[in-house]
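Each remark here refers to the structure printed beneath this line.
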Amino acid sequence: MATLGDNLKINGDRLWDSLMEMAKIGPGVAGGNNRQTLTDADAEGRALFQRWCEEAGLTLGVDKMGTMFARREGTDPDALPVYVGSHLDTQPTGGKYDGVLGVLGGLELVRTLNDLDIKTKHPIVVTNWTNEEGTRFAPAMLASGVFAGMHELEWAYDRTDAKGLKFGDELKRIGWVGDEEVGGRKMKAFFELHIEQGPILEAEGKDIGVVTHGQGLWWLQVTLTGKDAHTGSTPMPMRKNAGLGMARMTELVHEIAMSHQPEAVGAIGHVDVYPNSRNVIPGKVVFTIDFRSPHQSTLDSMKGRFEAEAPKIAEALGLEMEIEVSGHFDPVTFDEECVAAVRGAAERLGYSHRDIVSGAGHDACWINRLYPTAMVMCPCVDGLSHNEAEDISKEWAGAGADVLLHAVVETAEIVE
Ligand SMILES: [Zn+2]
């Protein structure tokens, strides 16, 4: 097998131009993008990506979830393909790079191989997963989830948006129902390039994040029930203040996460207070806790400690308490060999790098359940994402795509 020279690089200007071209489709209101899944803008973005893939000589396959697979042949027709990609859909007030960089970075990698007439033994397939964001149709990572056997196809088709429109109908309307069974494809490996969506790489001045783990999470929905009463005339000892219980539990969640630093986070992000009136002691509060960690044991012990200690807080305040699990993902450990390929690529190319944990969910997390998978991250300004002001530099994008190129080509085996 031939080796990769440290001078093998993608065309950073061309990648950047493609990112800017795609960003013209489904513009946001503040310089970012609103290209939500299965909208007309999504269809337009898909058509542009399709045209670029055809121009690069790739063969497009589409599955019944609308996921696009653009294939560059290898020299061995029986060799399992190496997959690369991410998503072209965005949040309603999304940035130009979240997901898009991973798809267009994959396309740029193929364009570079074409330019240099480099052949690989294994085919390379650039993928655009449908509905990664999950804002219009929950849950997130819907198509990769069906691919990985986490959801049934019919269940996915029945998801509805805020207007009551069904995923399956909207997929048909924009003309992207493919004929392939979902999950039928076999992969040698899957690589996803993504912006960090956090502040660590930029703060430490690193070019590349070598993603070793994805965080698992527990979402707990807590309902505290006390008694609505007048804030002025109810004596303090006679109150059953659900708001106070929520406040003490907010402290508890923070303290639990702090006791597992640096590899755990926890917060109460969503709160409904009833009746939410200036002069009524809250009789009921419903809130959700979000605990995350890349380690299963830490994750479970955080949940366990909350479940043990929170009822004591409720009891002391005379409140009733219900805890319900409203979401759960196991932590993800990415494939050792694929991770080593990413780290080795950064090393060979002379890019500064560090191991990092993905705080957000990605399509790669589902695919990792089936096939060897790894992720490459590049910094983003101020860690800002899911925001129209999301920003990266051309150099960061280029470095990330260079590392992707090397990791993918090494795995797909270069042929002289
Ligand atoms: Zn994303």
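Just so you know, glycine gets a Cβ as well, placed from its N, Cα and C.
These come from TrEMBL:
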BINDING   HIS87, ASP98, HIS194  Zn(2+) 1 binding site
BINDING   ASP98, GLU133, HIS386  Zn(2+) 2 binding site
DOMAIN    215-313  domain 'Peptidase M20 dimerisation'
Provide the number of Cβ atoms within 10 Å of the Cβ of GLU133 (Zn(2+) 2 binding site), excluding the reference atom itself. 22
With the Cβ under 6 Å from ligand 1 as the test, give me the qualifying entries from the binding-site residues ASP98, GLU133, HIS386. ASP98
Measuring Cα to Cα, how far is ASP98 (Zn(2+) 1 binding site) from GLU133 (Zn(2+) 2 binding site) in Å? 10
What is the interatomic distance between the Cα atoms of HIS386 (Zn(2+) 2 binding site) and HIS194 (Zn(2+) 1 binding site), given in whole Å? 13
List the Cα distance (Å, whole number) between HIS194 (Zn(2+) 1 binding site) and GLU133 (Zn(2+) 2 binding site). 13
Not counting ASP98, GLU133, HIS386, residues with a CB within 8 A of the CB centroid of the Zn(2+) 2 site are THR90, GLN91, GLY94, GLY95, GLY99, GLU132, THR135, GLN197, SER385
C-beta crowding around HIS386 (Zn(2+) 2 binding site), within 10 angstroms: 17
Using Cα coordinates, what distance in whole Å links GLU133 (Zn(2+) 2 binding site) and HIS87 (Zn(2+) 1 binding site)? 8
Residues flanking the Zn(2+) 1 site, with Cβ no more than 8 Å from the Cβ centroid of HIS87, ASP98, HIS194 and excluding those residues themselves: SER86, TYR97, GLY99, VAL100, LEU101, GLY102, GLU132, GLU192, ILE195, HIS362
